[in-house]
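According to TrEMBL, the features are:
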- 587: active site, proton acceptor (ACT_SITE)
- 586, 590, 609: Zn(2+) binding site (BINDING)
- 20-35: compositional bias 'Polar residues' (COMPBIAS)
- 230-242: compositional bias 'Acidic residues' (COMPBIAS)
- 243-254: compositional bias 'Low complexity' (COMPBIAS)
- 261-272: compositional bias 'Acidic residues' (COMPBIAS)
- 307-319: compositional bias 'Low complexity' (COMPBIAS)
- 320-332: compositional bias 'Acidic residues' (COMPBIAS)
- 354-479: domain 'Aminopeptidase N-like N-terminal' (DOMAIN)
- 514-742: domain 'Peptidase M1 membrane alanine aminopeptidase' (DOMAIN)
- 821-1141: domain 'ERAP1-like C-terminal' (DOMAIN)
- 673: site 'Transition state stabilizer' (SITE)
């Protein structure tokens, strides 16, 4: 029998038909086309018997087979659909409003998806499981320009040695590592060793330190090279000191009485719970340090013995911890017996290396197999490039105040770029301890995940210094971090003693104070929230001029793009201050959720990023002492983004198969971040904040230093669910059962209300989609739960909040004919609501009468739902526009922000057509009452008051919109500011952050208006300042202003620079922003798509290794709304099938283009006439 996918509803029905001889046409259906549930199917009344002649035995046999088939069909149908009820097809539009007729549309299955037959398979790209890394010891030497004289061929390269301790899970004669663009030398230079703990006699210098301490744990790390067992090995180490790999570790035994434990024993560190073992080979962290515990609980004189094994490098960590304490030292020396790892040849050699670039792997073929259950140390010498792209170990540059160009080497390893710096097991599940050592130019500083134990120690070559870092806790390779630069830092300490530093270039050091304060507050908040002490001794944050992502959560060393870490109140807006707070909180939330506990594979990336998105709101609230009202900001930003993206057929489930690590870049989107955070927020609202927090603590404690899956989180949360908390079916609420429906299928529901009788209404659900003509990807087309959800219903009647109830299939609630019903109060659920016509009318009446009866968040949800439903043709626009009449009385930012989003959609769809004048006049009637109250003279003064953050943001949004609809009072003001407060004070100067006197909140508008209405002189002035401006947020304003030009030659020149990966005028990270800014203006929108098509091949070749940047650039270039452009676009996709087929963003833009066209065809004329009539009434 042909295999049938049990998640394929069409296949199941076809199978049932095959065995039962019945068609779905015979099944009873409801008025909307749904098949009724719980009722047996009846044959048509007019069905006629077929005359069949056969022998009685044959007839009996056929009868029995028929009965068996029917029973089989019933059983299959029952067990497959148990707990799931039937519904309309996936792609069905259902219009619920009284004025709209019910319509259905079911497209065909579409063509098979285009797959490259020559691409590597998922199995080929994944690493074998025969080996598991335990420990890495990496020594790296980067050759950076501007510091040291070296041969030209070494410029922008690095030399490195890595020793990888692996545990053999299954005997194998090859070692397969992830590697990309790395160059390996002669196989005879590689070594495979085994280690054993042996007692050896070494010369020991023992330092007795007496000082006053409060109860604390002192970790003293000692490093020593592995004991060479042959003269050949000793000579080899002496010949190349910079790349010799230190031994895996040493455990010292001295007069303090600390002794080596047996190899089987393992302890838990009292502070962090990290696995440590004294002198064992089984746990990597165990062999790195001797831990001396101060047992006193009050201040006392404590003797500490720090044992240094000659010729180990000296350690600086203990000295730094005691900078503020008085101490007495006494040194004694002599021979001591110590237990340490001794490295010996394994007798196994590397025969050959097969570097497979297409698989991003290096395969080391061995002459003998590695034995199962054994551990081996594999030592590799190699070289690699320091790339100018923003991945792996790459080059960053900036210009200092003296005009000199300075260089730095920094890393970005997520998702799969650690392999560009070190051959490794580059998958999240392969957690291991990392020991990093760096040989770097004198005058530079090296920073990595661990705290430094040897800091810039002189080497025999005065041009180079050596820095070594303490071993990390077990972590995934994508969290590996390293920076070599001339940066400086500001420092603080948390209440629990964590050293906290914020690093940046020297000229910007005064902009780090806010981030330092924010970071300390956030780390302290998360320690308390998670109830788990931060497990590292230090936390560094560094701001870079070049960084692909907004930030990266590397454990112990978080890296940021400058604008998300640096804050200058004379240059940055309040929103940019909030951005610093939220991004800092997001990345520090990851230190537990993502770093301490890590996903097993990228299909649970949403758990990492969604959780950090949720927690950033709590963290930023702690940073601002609640002044940023982050819960409201979450509703506008994260929830809004998730709703928009997940309403499209080109969306995807939160948890979905990612077969190849190379595909994970496309999963870094608003579904992963924003929907992930929104679903977790809904779970928190269901369980309650305290129980949710307790469940997280259970999860983090159970899986710390390990990998986990999303179902592990649900299981931990289930532990805090009370027995009397029931699901829709009366059973105890099961988090996994509930959450699976929201995470394992794409989309979300809209709830519709229908009147049952004078006292009751009934709620129903269906999937909400903006476009019913675009098919989902084949692998998402037949949703696991058939696009049905268990929905928590929060609601209020006449302003009174009711007890939460559940909607599974249908749910009735008591509601009188004149009662006011508001669903999804506080906007807690991830769903939309479409009221019936009387319901909408009562809401509108209440808003016009007294809008404060409905809370702020519910008002915002009502506005957003109304605009979106109308855009999807599921609610008349007249209803929405009647609703907006109340806005003249609205004083809160959140409802206004969502209303302005809806208004922006109208403006975008009207474009530069003459009829837009009617729309602008209508918008003015809504916005003018708020605009007229704004005091421009107080903008600069009020900007610095966090208490007024939301009031300020509302004023800035209203000003932007008033200028956007070309009101002379606004455009005139900002143009005067450009000329009088920018051009005049900045004449002859080149840094607008130092000379511009335009109020910061309106600089972006003023600069844009000045360039738009100016000529070549204004454009050239701004372009020159853009090139010289060092402050990133000001530089972005100037870049945006250039895109406002109406001169097509100037715009094409900008596009050419932005699409040239070798052009340094526009930084690589900023290139998509130029495209976005140009595409946002009418003149630019008319030329950008043509430019993109003409230059696609060059763009593709330049950016194909930078998928995130390329996706952003594509998004910015393709914004279409007419059939001619859409046809041209479809032809482009066909002509460039090979280079476009693996980029989902092209399908997303096509779907959006078709939706835009349909909107214009359906609504443009109708709304133009409506706005014109309304404006005439108001005259």
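Every residue, even glycine, has its Cβ placed from backbone N, Cα and C.
Nobody curates TrEMBL annotations by hand; they come from automatic prediction.
Shown on the structure are the features that TrEMBL records.
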{"residue": "586", "record": "Zn(2+) binding site", "CB count, 10 Å": "27"}
{"residue": "587", "record": "active site, proton acceptor", "CB count, 10 Å": "27"}
{"residue": "590", "record": "Zn(2+) binding site", "CB count, 10 Å": "26"}
{"residue": "609", "record": "Zn(2+) binding site", "CB count, 10 Å": "25"}
{"residue": "673", "record": "site 'Transition state stabilizer'", "CB count, 10 Å": "25"}
Per DSSP, three-state class assigned to the residue listed as 'active site, proton acceptor': helix
Near-site residues: Zn(2+), ref 586, 590, 609, CB cutoff 8 A to centroid: 553, 587, 589, 593, 594, 608, 611, 612, 613, 615, 616, 673
Inter-residue C-alpha distance, residue 673 (site 'Transition state stabilizer') and residue 609 (Zn(2+) binding site) (nearest angstrom): 5
Residues in the domain 'Aminopeptidase N-like N-terminal' (354-479) grouped by DSSP into helix, strand and remaining coil: 6 helix, 70 strand, 50 coil
Secondary structure of residue 609 (Zn(2+) binding site) (DSSP, helix/strand/coil): helix
Overall pLDDT for the domain 'Aminopeptidase N-like N-terminal' (354-479), taken as the rounded mean: 97
Three-state secondary structure, residue 673 (site 'Transition state stabilizer') (per DSSP): helix
Rounded distance in angstrom between the Cα atoms of residue 609 (Zn(2+) binding site) and the residue listed as 'active site, proton acceptor': 9
